[in-house]
Amino acid sequence: MAKISYSYFLVLMLVVSVFSVVEKAKGDGSCTIIIDPKAPSCDIIQCRLSCITDYNGLAECIASRIGSPPNCVCTYDC
């Protein structure tokens, strides 16, 4: 009887784990915006400061294409 209960417990934990992973995969409602896309370059300090103050988000400088100047990309909760 103890083996059956242990097996049921393991299956239950597996099901709960799968559902929690599926909920995380759906997304947490995060949005992305390019801050000042016409700027000639991305100053990481100014980029992060603008993102935090305007959107309460996280920012990084990312180039959209190889050879193009990086843009300030801000990710925040929608």
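From the backbone N, Cα and C atoms, a Cβ is placed for every residue, glycine too.
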Recorded disulfide partner - Cys61, candidates Cys42, Cys78, source Swiss-Prot: Cys42
From Cys72, Cys74, partner that Swiss-Prot gives for the disulfide involving Cys51: Cys74
Disulfide-bonded residues: Cys31, Cys42 - member with fewest neighbouring CB atoms within 10 Å: Cys31
Which disulfide-bonded residues sit within 10 Å of Cys42 (disulfide bond) - Cα, from Cys31, Cys72, Cys78: Cys72
CB within-chain contacts under 8 A for Cys72 (disulfide bond), separation at least 6: Ile34, Ile35, Asp36, Ala39, Cys42, Gln46, Cys47, Ser50, Cys51, Ala59, Glu60, Cys61
Cα-to-Cα gap, Cys74 (disulfide bond) vs Cys31 (disulfide bond), nearest whole Å: 8
Of Cys74, Cys78 (the disulfide-bonded residues), the residue whose Cβ has the fewest other Cβ atoms within 10 Å: Cys78
